[in-house]
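Below: one structure, written as structure tokens.
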Amino acid sequence: MEENETSTDFVLLGLFPRFGHPSLLVLIILLLYTMAFAGNSTLLLLIWLDPRLHAPMYFLLSQLSVIDLAYISSTVPKMLANHFSGKRSISFLACAAQMFAFLTLGLAECILLTLMAYDRYMAVCNPLRYTVLMSPKVCLQMAVSAWAGGALAALVHTVYPMHFPICGSREIDHYFCEMPAILRMSCVDTSVYEMVKFVSTIVFLMVPFLLILASYTVIFLTVLRMNSRKGRNKALATCSSHLTVVSLYFGQAIFIYMTPSSAHTPEQDQIGAVLGTIVTPTLNPLIYSLRNKEVVGALRKCLGRGCSCSQECSSLNFQRSHLHLTS
């Protein structure tokens with residue numbers, strides 16, 4: 001009987017189903033998705049093209065952009081497809097796959113943000129050993145550990161809740177398959193799993209958050225002792241961008257996953273999910289680019305190349321047409 005229940009489809013009610021103007025919400029989400037896709041793709045392209053951005057910090061930042069692109073793409077396209085097609089069903093396997101992807105990317109981002117704080121700590125507090133300690137091999141190992149750690153933890157937190165029996169309606173009051181929404185539909189006692197989730201949240205959220213705070217405490221103490229005002233301002237600008245992203249990510253994650261599923265409403269879950277999976281990936285490239293002179297310089301250089309290239313092409317076409325007319 002339980003196998004029959006888990007083999008049937010779920011129904012996604014969508015983003016704020018009781019809101020009176022769903023088309024307006026979809027339009028806003030589509031705009032944010034386009035901005036996030038364009039911003040993160042541009043940042044990835046700049047890091048790849050500009051040799052000045054071939055540094056450990058920007059390698060880790062490129063991994064963050066990849067995560068953000070995958071993060072927002074794991075939920076928004078399905079939501080838009082459901083809205084425009086009128087079909088709201090999602091199969092059991094598709095729901096599990098979406099939950100696994102969402103959790104993998106979220107946990108990988110948490111680990112990556114911690115590693116980015118370590119990178120800033122090494123750059124500011126140990127500048128003479130920075131190139132040795134943050135070699136390309138070490139950076140690659142950091143990226144692999146973030147993805148692998150996120151995937152392993154996500155596998156546990158996908159398999160476990162998806163095997164709880166569902167009683168009554170299989171309607172998910174959400175726009176994607178998220179763990180709290182699935183737990184809310186279960187008809188068995190989930191208190192043991194809630195405790196497992198709480199412990200996992202401490203390991204994957206609170207410990208990294210405390211490590212980041214400790215890193216930046218040491219960084220700020222080091223910055224205050226700097227004699228160079230220019231170096232002090234540069235360090236503070238880079239660190240403030242990262243701290244802004246950390247605040248956005250950990251704020252919504254701690255609210256959703258460190259409290260029992262019954263302690264907050266579906267609307268609160270959706271607000272937290274929108275902030276984490278849509279708003280944050282949209283803001284991240286803006287936060288890191290607007291306050292970073294090297295990224296802004298790379299963008300201007302790239303745009304300058306495009307303009308000069310178009311001018312050269314126009315001049316060449318004009319010369320060719322002139323020669324054709326004279327001949």
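Just so you know, glycine gets a Cβ as well, placed from its N, Cα and C.
Just so you know, TrEMBL annotations are computer predictions that nobody has curated.
The transmembrane segment annotation in TrEMBL covers 24-49 (among others).
Sequence annotations record features per position, and here TrEMBL assigns domain 'G-protein coupled receptors family 1 profile' to 39-288.
What TrEMBL lists as transmembrane segment is 56-76 (among others).
The transmembrane segment annotation in TrEMBL covers 96-118 (among others). Residues 57, 60-61, 63-64, 67-68, 70-71, 74-75, 78, 90, 142-143, 145-147, 149-151, 153-155, 157-158, 161-162, 176-179, 182, 204-205, 208, 211-212, 215-216, 242, 245-246, 249-250, 253, 276-277 of the same chain lie 6 or more positions beyond the ends of the transmembrane segment (96-118) yet place their CB under 8 Å from a CB of it.
The transmembrane segment annotation in TrEMBL covers 138-160 (among others).
Summarising the annotation, TrEMBL assigns transmembrane segment to 198-223 (among others).
Per TrEMBL, transmembrane segment is recorded for 235-258 (among others).
Residues 15-16, 29, 32-33, 35-36, 39-40, 42-43, 61, 64-65, 68-69, 71-72, 74-76, 102, 106, 174-176, 178, 241, 244-245, 248-249, 251-253, 255-256, 296, 299 of the same chain lie 6+ residues outside the transmembrane segment (270-290) yet bring a C-beta within less than 8 angstroms of a C-beta in it. Marked as transmembrane segment by TrEMBL: 270-290 (among others).
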(message) Using a Cβ cut-off under 8 Å, which residues of the same chain at least 6 positions beyond either end of the transmembrane segment (198-223) come close to it?
(response) 107, 110-111, 113-114, 117-118, 120-121, 124-125, 153, 156-157, 232, 235-236, 239, 243, 246, 250, 253-254, 257-258
(request) May I ask for the residues of the chain that lie six or more residues beyond the transmembrane segment (24-49) and have a Cβ under 8 Å from a Cβ within it? (result) 15-16, 58-59, 61-62, 65-66, 68-69, 72-73, 76, 79-80, 83, 278-279, 281-282, 284-286, 288-289, 295, 298-299, 302
